[in-house]
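What follows is a short report on a single structure.
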Amino acid sequence: MELFGVSVLFLGYVLAYATATLVCGAALVRARQVEDAETRRGLVALFVGSGGWAAWELGFLVAPTPGLKYASYLASLVVGLTTVGAWLYFCSAYTGRSFHTNPTYRRVAVAVYLAIVAVKVTNPIHGLYFTTAFVTRPFPHLTVMHGTFHWVITGLSYALVSVGFFMLYELFLEADYDTRSLGVVAGLTGLPVLFDILGFTTPALLDMNYEPLGVAVFAVGVLYVFEEQFLAVQLTDGVDDPVVYLDSEGRIRQFNERARALFPALSGSVGTALSTTLPDVAGRLDSEENVLDVTHGGEQRHYLVSDTSFTLGQTDIGRIVVFTDVTRTERQRRELDRQNEQLEGFAAAIRHELLNTLQIVSGRVTIAGEALQDGDVRTARESLRTASKTADRMSGIVDDLARLARQGQTLDSTDCVDVSTVAQGAWDGVETDGLSLTLRTEGSIDADAGRTHGLFESAFAFARHNGATVVDVTLREDGFTITDDGKPIGDADPEDFFAYGVSVPDAASGMLLPNLRTLARTHGWEATIDTAYTEGIRIVVSGVDVRLSADGSDAERQVA
């Protein structure tokens, strides 16, 4: 079949190699914008070599005389051989290997290349590499018959190129997300080898080098169609953390399996905005607080949320969000913050009590002195006794705070503690005249028995100071409550009840709830006051690992 007197098949070959030449030229512009210098050099060399190879093959087809066709084909062999080295250089750099920087490998590669080129350019003399003949079917062209040297060098070239494919596919397989598109592109790059075989064994295709066509497909695939995945694979090579890939508009493009396991909401989220699917993550990216708390596998863990842009030239084409597990470091930091806050609270409490004590002692000593001057020995003696008791009380408070400081370290291990037993023991250890205790505590908790005992002691002592007559302890799924019928908090700030040095509701009980919260936090629990409860004060301790009774009973036990 002919078109304007020219074979359609001939026009097809010309169009294919002309397109490959133009595509490699266009890809060269894009390749020069790749940020990684070594990968950029490999890609540039590959597209220069392949574009030149395709151009000389095109010249082989369209040259007007057999002599020019012969020269064009010989030039294509010399230029085409450079693509083997460029391909290996690119694959090594892209996959994070160092073969391309090894001086020995580079010197050997140059020496082998020059030796092969010497054989090729002297082919007109010895004719051992290829011979030619002019034929008219399927259209007039110069056909090439390859010799032994050609097949030896071709076999060596294909073996080396296969090493590059191995490096790429190993990286794609190790990547913890879908790289099938890149695998297909790489596979299409090697497909022209089949055309070479068909051209040699059958008359269906001309016996030419079709490899530049595959490189053109590779160029379009990795730099225009799947450029985000192509750059992301290299950027996250060796990264074992959860990773989410976003496009330039902040939409989710891809994520690895670790990210899916950490954030189940990612399933089916491709194409949606990160702020819609994971609003907490998006919020961390837009704020200075970049540590995210995530409950995973029944355990709260902490992740540092960071992102980086990947670009081609001056154009951002996407972002990679990486979640680095900093649980151990964050727990240590929070423990230090808690201990610092605790020490500041202790210092405030001691300062407050010391000032009160000094004022009371000073006042009582002054009263005693004045009473002695008036001859009132009894009043002087009572004032001095009050001053002494106040000083002793101050000493006791300091001793209590010192003991609490020793117990204030976060626990490394816990035991199974029966709540009824520890609450009953604490009740027996405090003055409870006029108080009754009700226990709804059929179950156990993971805790330190001594610290939990101290926590309940503080709660019961506070109830007595608060004018209560009834105290109720109830075990819940996430902790327990301690409720009394004493004076409600009213308009007071609930947090003031837990603050050292504030003396809320009064000086006598002002340190009890701060001590309670300190002992709760050593377990990783939180202690708050239920402001919705208005018939007294209800202390809520949450974040507790609770095992309720197996039969689900809620037995009530009255304690005298």
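Quick reminder: no glycine exception, Cβ is built from N, Cα and C everywhere.
Within the set 149-169, 254-274, the record from TrEMBL flags 149-169 under the feature transmembrane segment. Ranges compared are 181-202, 445-466, 489-510, and TrEMBL records transmembrane segment for 181-202.
With a cut-off of 8 Å between Cβ atoms, the residues of this chain six or more beyond the transmembrane segment (110-129) that come close are 70, 74, 77-78, 81-82, 85, 146-150, 153.
Long-range neighbours of the transmembrane segment (43-64) within the same chain, counting only residues 6 or more positions beyond its ends whose Cβ lies under 8 Å from a Cβ of the stretch, are 10, 13-14, 17-18, 20-21, 24-25, 27-28, 31-32, 34, 71-73, 75-76, 79-80, 82-83, 85-87, 89-90, 141-142, 208-209, 211-213, 215-216, 219, 223.
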